[in-house]
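Relevant sequence annotations retrieved from TrEMBL are reproduced here:
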type     : residues : note
ACT_SITE : Lys185   : active site, proton acceptor
DOMAIN   : 43-228   : domain 'Ribosomal RNA methyltransferase FtsJ'
Amino acid sequence: MKFTRVLFKIVPKNIKGKSTNEQRWLKRQLNDRYVKQSKTDYYRCRSAYKLIEIDDKHRILEPGFSVVDCGASPGSWSQVAVKKVNADGSIPNAKIGQVIGIDLKSIEKIKGATFFSCSDFTEAVVQQKVLKTLNCGKADVVLSDMAPNSSGVRSLDHENIMVLCESVVKFSINVLNDGGHFLVKILQGEKQDLLLRGLKTCFEQVKYIKPPASRSDSTELYIIAKNFNKAS
């Protein structure tokens, strides 16, 4: 992924009345190369490049694969997945994949993706809808870039995201094909190794990764787990 080098910084306008933190966030957004590139590439947000960078290195998305994107709003990971698995048929002579996104929020349509908006993936009725929608009844990949609203307290944010992660793991065990892959976002903290060890009991390869698009000052990490084996 190549980016045009920017030799000057943009100063945001109309920041009067905003807090120091809000001003800092605006300045960072306006000068972030991934934010700028996302507008050029028509991705809904910069997080698309995290998935692109992870997949370019670890190859979990292939044409013909079925993908479930948990917490899909606003849809940037689903946009990437659609292209990677050829759910929109844009790769000639390649297998056609499938992308299903789920979120409590409403998600705008994306060609090649099926969305369950205003839906909770932890509910049994939603899981049954997903299983019925999947072409082969199971998924090859489950993705989650979800994070709870920040409280400003690092330990509490870690606790909250780990609860989400546990829910995604349980969901994945129900929907993944043998040999399937799993990718989830975490925030660093005392419970992360416990989750890693748990995943190692049912996946052949499990590791932490931090893609270049993930900000260096963030506690954000991803766990990638490959080759699911439900019988193990």
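Using the three backbone atoms N, Cα and C, a Cβ is placed for every residue, glycine included.
TrEMBL labels come from automatic prediction, so no person has curated them.
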Taking the Cβ of the residue listed as 'active site, proton acceptor' as the centre, how many other Cβ atoms fall within a 10 Å radius?
21
Tell me, what is the mean pLDDT of the domain 'Ribosomal RNA methyltransferase FtsJ' (43-228)?
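A mean pLDDT of 96 is what the predicted model shows over the domain 'Ribosomal RNA methyltransferase FtsJ' (43-228).
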